Amino acid sequence: MHTPQHPKPRLDEDTESGIGSTLDLTSSSKGDGKHTNQPFGSPSFRAADRLPRENESPPQTSEVSPHKIKQLLINISKVPLLFILLFFFICSLDTLSSAFQLAGGKVAGDIFKDNAVLSNPVAGLVVGILVTVLVQSSSTSTSIVVSLVASGLLEVKSAVPVIMGSNIGTSVTNTIVAMMQAAERNEFQRAFAGATIHDCFNWLSVLFLLPLETVCGLMTRLSHLLVSILQIQSGEDAPELLKVITEPVTTLIIQLEKCVITGIAMGNEGMRNKSLVKEWCQSAGNESFENCGSNDFPLSSRVKCKHLFASTELSDLTVGLILLAASLVVLCSCLLLLVKLLNSLLKGQVAKVIHKVINTDLPYPFGWLAGYVAMFVGAGITFVVQSSSVFTSAMTPLVGIGVISLERAYPLTLGSNIGTTATALLAALASPGNKLAAAIQIALCHLFFNIFGILLWYPIPFMRLPIKMARVLGERTAKYRWFAVLYLLLCFLVFPSIVLGLSLAGWRVMAGVGGPFLGITIFITTINVMQTCSPRHLPTKLQNWDFLPKWMHSLKPLDRLITKATVCCRVACEEGQDEEKEEPILADAL
């Protein structure tokens, strides 16, 4: 019996509706108001596209054949391999952070050094983004901010925008991880949307909370009030379960003098000539800024560090680039193998059961609590592993293969944000007496930023705009894969760098350039919303963007240009290889 085939939507069709195609946040889709078990509302995101249907599964028999026993043993043997790959994946993330710190740590310290720039809240925000992207560690940038505040070089009110920027910058890691799934279009669409939902939440929260903090200092006042009331005393370090497991490997690869970056940020010019690569370790473990990066401490407490680059004569930049290349190779390899292994394990009935357990809501009338339970789970796991980047990066491939839906990934990510601030708060309790109040106040500001963001963008289903924005980004990257690279460069490097440059030029220049840009952005967003909701209230010409040149409201012309350039480069490379092959033959003929 012939079953009719339903044509799948083609992702290469030009379905863009102008500028509104990238800014349409008002169109309703499945799962925005009410959670569904489907990863996405569009047909390409249906669980049925990946999971086999019931009638496709082989008939169940009561006999236990040798083939089934063999298959069971193979699947059981894959489980320890899965944990081994996950372990090396996490180690590669840690090494990637060290590589970025070696390559850009001193630049990050120089960026923090100009405290006059940090007094501008917008400049402080982009400094937080750039520094966290450069060192790939929000905890490193936060610790620098704590040291600056504790030494009196920076006010808490000026530090809050930097913390907000740090929150944005730390989300770049899982966005990079999502790009490793670019080989399969639908997986890439889901994975990129699952990764960028964190970015969208942070950007939207900053858009509302930064002006509020600048005007009335809400988070600064609340955190100061709590610190004054509680009279908190110095405590012990937060438990570091993940580091206990990964440090035996990562410390054999590289160890860093992170205090060098902080010293440069605090204006200590002597730190500039010191290497971030740790050569000598102290058996006593009582490091301070006085002996940071120095060999002047007593011989009795000095031991040679045992890692690959302990005695190297290479520069920090060279070591950083070597580690960057190596860690990216390991990261990509582990991620690709993880995805293949998960796909082989999570198939058939197993996949259906796991997908149902993770994404199903609670029974009526408690269905609305499912998202908050997911937040609690995300916060708990992040607290245990001591890193939101590790949690969200490990979750990204699961979103890509369809095990976790975008609607469920959203509260898990929000919970991860809370978990990492709880960890920072415990770490702040272990600060020295002169830094204790500043460290706790900044950790509380970080906590309040995430709590207020959740209150804005989660409780009311209509306000869950990050889901809609991430879905649009996922669709764009599936259609134009180069868009992922463009997104990373613009959001985490080009745009922050331009804003920082304008800030250094003075507030008049910044207002002169930023004012018109902000006005145009608000105008385009408003027109897009009206085009979707009530186009009849707009003039006929503004009901769509077709009156503009196509390159101004569609990515298709840019896609053609990039495709043409790629094809030209490929042809040139192939011609060069052909010429190399022909040269020996010609030489022999002569």
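Any Cβ shown, glycine's included, is placed from N, Cα and C.
What TrEMBL says about a protein is an automatic prediction, not a curated fact.
Just so it is clear, the model here is predicted, and its values are computed rather than measured.
Here's what TrEMBL has on this protein:
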| type | residues | note |
| --- | --- | --- |
| COMPBIAS | 18-41 | compositional bias 'Polar residues' |
| COMPBIAS | 47-56 | compositional bias 'Basic and acidic residues' |
| REGION | 1-64 | region 'Disordered' |
| TRANSMEM | 79-104 | transmembrane segment |
| TRANSMEM | 116-135 | transmembrane segment |
| TRANSMEM | 317-339 | transmembrane segment |
| TRANSMEM | 366-388 | transmembrane segment |
| TRANSMEM | 436-460 | transmembrane segment |
| TRANSMEM | 480-503 | transmembrane segment |
| TRANSMEM | 509-530 | transmembrane segment |
Long-range Cβ neighbours of the transmembrane segment (317-339) (under 8 Å; 6 or more residues past either end): 82, 85-86, 88-89, 91-93, 95-96, 98-104, 177, 180-181, 187, 253-254, 277, 309, 397, 400-401
Chain residues outside the transmembrane segment (436-460) and at least six past its termini with a C-beta under 8 angstroms from it: 142, 145-146, 149-150, 156, 159-160, 163-164, 167, 201-202, 204-205, 208-209, 218-220, 222-224, 226-227, 232-234, 371, 375, 410-411, 414, 417-418, 421-422, 424-425, 427-429, 466
Selected stretch (most C-beta pairs under 8 A with the transmembrane segment (116-135)) from 79-104, 366-388, 480-503, 509-530: 480-503
Outside the transmembrane segment (79-104), six or more residues from its ends: residues with CB under 8 Å to it: 133-137, 140, 173, 242, 245-246, 249-250, 253-254, 256, 258, 261, 276-277, 316-317, 319-324, 326-328, 330-331, 334-335, 337-338, 341-342, 345, 385, 387, 389-390, 393-394
